[in-house]
Amino acid sequence: MYRVFASRALRAKSLCDKSSTSLASLTLSRLNHSIPFATVDAEELSGAHPAEVQSFVQGKWIGSSNHNTLLDPLNGEPFIKVAEVDESGTQPFVDSLSQCPKHGLHNPFKSPERYLLYGDISTKAAHMLALPKVADFFARLIQRVAPKSYQQAAGEVFVTRKFLENFCGDQVRFLARSFAIPGNHLGQQSHGYRWPYGPVTIVTPFNFPLEIPLLQLMGALYMGNKPLLKVDSKVSIVMEQMMRLLHYCGLPAEDVDFINSDGKTMNKILLEANPRMTLFTGSSRVAEKLALDLKGRIRLEDAGFDWKVLGPDVQEVDYVAWQCDQDAYACSGQKCSAQSMLFVHENWSKTPLVSKLKELAERRKLEDLTIGPVLTFTTEAMLEHMENLLQIPGSKLLFGGKELKNHSIPSIYGALEPTAVYVPIEEILKDNKTYELVTKEIFGPFQIVTEYKKDQLPLVLEALERMHAHLTAAVVSNDPIFLQEVIGNSVNGTTYAGLRGRTTGAPQNHWFGPAGDPRGAGIGTPEAIKLVWSCHREVIYDYGPVPQGWELPPST
């Protein structure tokens, strides 16, 4: 039944014509068959019409006798077979990475025409994603494997396209811009260059099946690296289709390998291939293990328990409530930037903010996927966490806290109403055990709400200081003194400040990444690409001439 609901939601919007949705959806369904690179039909993908996902290595698509059969997150039907490489099939991937030298596939001194090639590939790929039928294809495919509203899925495609547009033409070679400094004598100059790592690996999660892997993959390629890409198998069909689009747009077949495997197999490849750099986006637990396994040759964008502080100046309550709802519950809370804790100044507590949050949360429905399956926590696990929180003195359930009604979501996933639990700030900070419980990240539609009085800002800042992940944050205030105090005493790498502050969004036009950790990665901007996918190399030219009358000096 819910596959029907989802299909209706998928058809409900069109990127190109919101005024005639029925006609547009019918047309796009027919046009899917003319998408030149596609090997699946997102509209038909179901238990009755399953798909198979392949890996790609050394310029060829390959299958496997080892299949991971995925269940439809909406109804439990087996609907995708992922041909996963097992430990006996890793050697081609290890060999492929080993064929790339440390100095990369291109650098400022080697094959510089490839900078132009990738500007052209970006141009063509951006053009493809600007075609309504292609954009709709990816939005609907995202919805099938990581159920979210059409607007959220289409937004992911839009950000991906804008990123590609940002690196068209000469913009790729501009990433490799060098600088020169005059030397100590005639004929000497020092030049600083951005240098690739060579063989690299990329491991990305399920929640943004297109945006995260594509932006990191292209950043790695722009700087001259040869990447091996692994996307969570639950959603890897999206990036498999994107790989086919990139090949159609001129991506050299030997430049990228793409693998479907379990974590154990991928870990084996990492240890044997010894990549010069790995980008990992995902859980903190896996991130710390990989940091040890790879001896620090890693960049991380791991989990974030992200917070929002509402300042003393109350205004635009409806807007702030709406943004809080979006930050906490869009994509069913499955964003690494999702609002996990809301600090409410006592002035806001005098407004109908919480009641408005409850009303907004109750608007979310499974039928349009504004609330949907949670892919990494079961319903039981989330409810158990809620019950543990409610044992804290003074805590209470603000809204939610129940399993979704009338759903067919398989039990391996979660199905929870948007939920908020209030915990007094004094109790949060009472002891380490309570603090760890309250700040446990639940990757789902779940948030903690607390209140602070005007003289309790130091308690808020203490709570922020004790957090171990520092990805996104929001300080909702137009009071410059308050903003200065909170921003100056916090760390989060992507912090939104002001009345319209949010924790989510992650567009392509600004840095997105954690702070406070030398291993922290960024995504999307020239600065992020250069930081993650290149290192500094200094070349000192010293041509002479040797000074006239030079004589052999004494030993020193």
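Even glycines carry a Cβ here, placed using N, Cα and C.
Within the same chain, the residues at least 6 positions away from Asn207 (site 'Transition state stabilizer') whose Cβ sits under 8 Å from its Cβ are Ala146, Cys331, Gln334, Lys335, Cys336, Leu375, Phe443, listed in sequence order. When secondary structure is read from DSSP and collapsed to three states, Asn207 (site 'Transition state stabilizer') falls in the coil class. The feature site 'Transition state stabilizer' is assigned by Swiss-Prot to Asn207, with similarity to another entry given as support.
Secondary structure at Val286 (NAD(+) binding site), taken from DSSP and collapsed to helix, strand or coil, is helix. All protein chains shown were included, and the count of other CB atoms within 10 Å of the CB of Val286 (NAD(+) binding site) stands at 17. Sequence annotations record features per position, and here Swiss-Prot assigns NAD(+) binding site to Gly282, Ser283, Ser284, Arg285, Val286, Ala287.
Secondary structure from DSSP puts Glu301 (active site, proton acceptor) in a beta strand. Residue density at Glu301 (active site, proton acceptor): 27 other Cβ atoms are found within 10 A of its Cβ, drawing on all protein chains shown. For Glu301, the entry in Swiss-Prot reads active site, proton acceptor, with the evidence type sequence analysis.
Of all the Cβ atoms in the protein chains shown, 26 others lie within 10 Å of the Cβ of Cys336 (active site, nucleophile). The secondary structure of Cys336 (active site, nucleophile), as reduced to three states from DSSP, is coil rather than helix or strand. The active site, nucleophile annotation in Swiss-Prot covers Cys336.
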Listed in sequence order, residues not in Gly282, Ser283, Ser284, Arg285, Val286, Ala287 with Cβ within 8 Å of the centre of the NAD(+) site Cβ atoms: Phe280, Glu288, Lys289, Leu290, Asp302, Ala303
Binding-site residues listed as Gly282, Ser284, Arg285, Ala287, least Cβ neighbours within 10 Å: Arg285
Alpha-carbon spacing, Arg285 (NAD(+) binding site) to Glu301 (active site, proton acceptor), which is rounded to whole Å: 12
Rounded distance in angstrom between the Cα atoms of Val286 (NAD(+) binding site) and Glu301 (active site, proton acceptor): 11
